[in-house]
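Chemist: Quick paste from TrEMBL:
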BINDING   HIS101, HIS103, GLU108, HIS148  Mn(2+) binding site
DISULFID  CYS24-CYS39  disulfide bond
DOMAIN    53-200  domain 'Cupin type-1'
SIGNAL    1-18  signal peptide
Amino acid sequence: MFLPILFTISLLFSSSHAAVLDFCVADPSLPDGPAGFSCKKPAKVTVDDFVYHALGIPGNTSNLIKAAVTPAFAPQFPGVNGLGISLARLDLAVDGVVPIHTHPGGSEILFVVEGTICAGFISSSANTVYFKTLYKGDVMVFPQGLLHFQFNSGKTPALAIVGFNSPSPGLQLLDFALFANNLPSEIVEKVTFLDDAQVRKLKAVLGGTG
């Protein structure tokens, strides 16, 4: 019931990149580029390229952030390649969180199916924070490239379906970008104003080195 509604909304704010061709089903055997995947030969396209079943399966939230994202992007769902749209399923266990992150390749729209989710984003111009507690049936939009977050603010698991105006919106988690790689601690401390103990603690939690 909810997926067709969100899909229609996604279509309204998306722009088609397949205006010349009827479609451009992704061929994952070929390299992915800035314009997306190369098109599969029409003779090899089947109806299964336009159907995806994984969003009906709950994600595994047994992890550090108690959250799971099941994407329906071009690599998983070849039929969306070139159409300027994609979807994802977001499962949030109690206390689950999607840390501050950005999607450099697309805007996002989130529809709450079950539970209670606090979500927000930060503007790049005035550094203004826009956040709201969302309930079943609520929708919130997150402009392309802006830092944003979601977390379960209720006492039961939460579920949301997320739409993007890109078949490959990309993802960069701020915490992981800073603390889950080999960026030297002294540099992290310099650019974040955190002390050495805090940086080492976060690197240990997220698996970073340096």
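Every residue gets a Cβ built from N, Cα and C, even glycine.
All TrEMBL annotations are machine predictions without curation.
Quick one: how deep are these features, and who are their neighbours?
Modeler: Around GLU108 (Mn(2+) binding site), the C-beta neighbours below 8 angstroms that are at least 6 residues distant in the chain are VAL141, PHE142, GLN144, HIS148, VAL162, GLY163, PHE164, PRO169.
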Chemist: Setting HIS101, HIS103, GLU108, HIS148 aside, what same-chain residues sit with their Cβ within 8 Å of the center of the Cβ atoms that define the Mn(2+) site, listed in sequence order?
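Modeler: So the extra residues in range turn out to be THR102, PHE121, PHE142, LEU146, LEU147, PRO169, LEU171.
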Chemist: Around the Cβ of CYS24 (disulfide bond), how many other Cβ atoms lie within 10 Å? Please give the count over every shown protein chain.
Modeler: 25
Chemist: For CYS39 (disulfide bond) and HIS103 (Mn(2+) binding site), determine the Cα separation and express it in whole Å.
Modeler: 24
Chemist: Please list the DSSP helix, strand and coil residue counts for the domain 'Cupin type-1' (53-200).
Modeler: 25 helix, 56 strand, 67 coil
Chemist: Rounded to the nearest Å, what's the C-alpha distance separating CYS24 (disulfide bond) and HIS101 (Mn(2+) binding site)? Just drop the number here, would you?
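Modeler: CYS24 (disulfide bond) to HIS101 (Mn(2+) binding site), Cα-Cα distance: 29 Å.
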